[in-house]
Amino acid sequence: MSILAPAPPSAATASAPRTLPRRRGGEPASVLATLVLLLGAAYCLLPVLWVVVASTKSGGELFSTFTFAPSTHLLENVSDLNAYRDGLFWRWMANTALYAGVGALLSTVVSAMAGFGLAKYRFGGKKAIFNMLLAGVLVPGVVLAIPQYLLLAQIGMTNTYWAVLLPQIISPYGIYLARIYAAASVPDEIVEAGRTDGAGEGRIFRTLALPMMLPGLVTVFLFQFVAIWNNFMLPYIMLGDDKLYPLTVGLSGLLNQGASQPALYTLVITGALLSIIPLIALFLTLQRYWQVDLAAGAVKA
Amino acid sequence: MTATQDAPTTTATSRRTTAGRDGRRTAPYFFLAPAIVLFVVFLALPIAYAVYLSFRTEQVSGLGLGSGARTQVWTGFTNYAQALTDPEFLASVGRVALYGVIVVPTMLGLALIFALMLDSRRSRARGFSRISIFLPYAVPAVISSLLWGFLYLPDVSPFYYVFDRLGWDVPSLFSSNLVIFAVANIAVWGGVGFNMVVIYTSLKAIPTELYEAARLDGCSETRIAWRIKIPIVTPSIIMTFVFSMIATLQVFAEPTTLKPLSNTISSTWTPLMKVYRDAFIRGDLYSAAATSVIIAVATFALSFGFLHLVQSRAFGQEK
């Protein structure tokens, strides 16, 4: 089975500035290759640029002035958004941070433990357990949402924070990655040395294995964080109370109301801008962890 | 690293050896317990429950009033037969198939081209382009649908502004023929950067000596790309293909978000939208469960079928 596996976060991104001088010396620039890249960048930046400009416009200007002509109403729009139902938007932001932050952290801990257990021990049923977990990678996640809803409804847990948080802690893919990381970064000799020193298995995991697996676990955390942050269907199904909504469900609902009250459109647009800032910041600061190597996973598995 | 400081004293060691051997046997189960419990509760059990429901139905006796008038009974494959002959379901499957045919090759083709250009030593602005193209991965599908949705509205869109100035009469992207491209564009925009990084990472792993040798033999950069780079990154492309296919079958957030902006997207536009409508708007859990199971089985069949096909074709000789 071969799934995504992160490469050691060092090579490409870190060396980009260092190759600069070499680049200038040798190869002639290719106009075509550069143009293709810049066109791709323009395509990908266009909607982001639009939302930055559009969030500076008043409701009337949105439909009357040229798309990329900026205006001066950004602060007004933000304060309108603050005022919308006593700051409901910030509540959505906090909910999203809670779902994604706590969910991804718990998911990383569970994945790290399971990955370490699978990589460093021999025990009965190991292969069966691993295959079962791996099959989970291919289960279309959204197909689970309805039976999950029905099961949680029977114990009265729908429409609570738990309903969105708990189903997203298990990440078969995270376990798979953690296993690769534990196998590659924690030498058996270190585990043995820990045992000789009399450390218990739990202590070996916490104090020896965990620090060694950390760079890989950051990748596991990021994947799960983005997956939860972007998830729409699960909270959409689970939640009825809009105070519990994450940003995705909240903004989608606001857009829905906008169909009858176009005044809400400026709120939706300003909200969209504010909601992508945190993730973009996270991306830019943790860039070096975004190295995804599919083939390495294929070779190792 | 910190462990050396906490190393226990020697007297503790001798006492712990027997306990340690015991611990070593139970430890893996302890480490795996949270994962297994969560897996069973939130994956295995819901799947089993969905399968169970898909074979059940509600029988109404009398006028269906009062408690006890509705009873759950076994119904065999009736729900499946109904789902598979439902014109709305078949239409949504056809739509998603066409959508997949548009999205997957376009997205992966662009991702491969961008990855090759990033890997080419002759391109410029690589850092900027890599970050810019990867950026949409940080934007949730709901938000990107919302942004593109506004860019499609003729009153807001810069494209329609230009078309208008040129005197062209371009039909709305929300018209029934074009809306599938409108949705597909959002998926391509959101996915191209991630797939580019996947392919680019595996390009980076190729030892440069391979190119040096080819260059000495007088190979052009294009030839190197076709003959060396693309064949080596093929396993990555296959995996991105499978994952993209799975994502395509599950398309839900984009059309659901665009729906209020356009009246051409029905509530059964994709199979999952139909599942949602059946379960939560019509309250027919049983047929929704049957449809979910069909989608899950189709996803498995497609991913394994495809992997099997490419494995016997491409990697057959390696074994």
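Positions of Cβ are set from backbone N, Cα and C atoms, glycine also.
Note that TrEMBL annotation is computational and uncurated.
Per TrEMBL, compositional bias 'Low complexity' is recorded for A:10-19.
The domain 'ABC transmembrane type-1' annotation in TrEMBL covers A:93-286.
Taken from TrEMBL, the feature region 'Disordered' applies to A:1-25.
Per TrEMBL, transmembrane segment is recorded for A:31-53 (among others).
What TrEMBL records for A:97-116 (among others) is transmembrane segment. Taking Cβ pairs closer than 8 Å, the transmembrane segment (A:97-116) reaches residues 133, 161, 164-165, 168-171, 174-182, 186, 205, 209-210, 213, 217, 220-222, 224-226, 228-229, 235, 246, 278 in its own chain, all 6 or more past its ends.
Annotation comment: TrEMBL describes A:128-150 (among others) as transmembrane segment. Sequence-distant contacts of the transmembrane segment (A:128-150) (same chain, six or more residues past either end, CB-CB distance under 8 Å): 1, 3, 114, 118, 158, 163, 167, 170, 172-173, 175-176, 179, 233-234, 237-238.
The transmembrane segment annotation in TrEMBL covers A:162-184 (among others).
Sequence-distant contacts of the transmembrane segment (A:204-229), counting only residues of its own chain at least 6 positions beyond either end whose CB sits under 8 Å from a CB of the stretch, comprise 6, 8-9, 96, 99-101, 103-105, 107-108, 111-113, 115-116, 120, 168, 171, 173-174, 177-178, 180-182, 184-186, 190-191, 194-195, 246, 279, 282, 286, 289-291. If you look up TrEMBL, you'll see A:204-229 (among others) marked as transmembrane segment.
Residues or ranges marked as transmembrane segment by TrEMBL: A:263-284 (among others).
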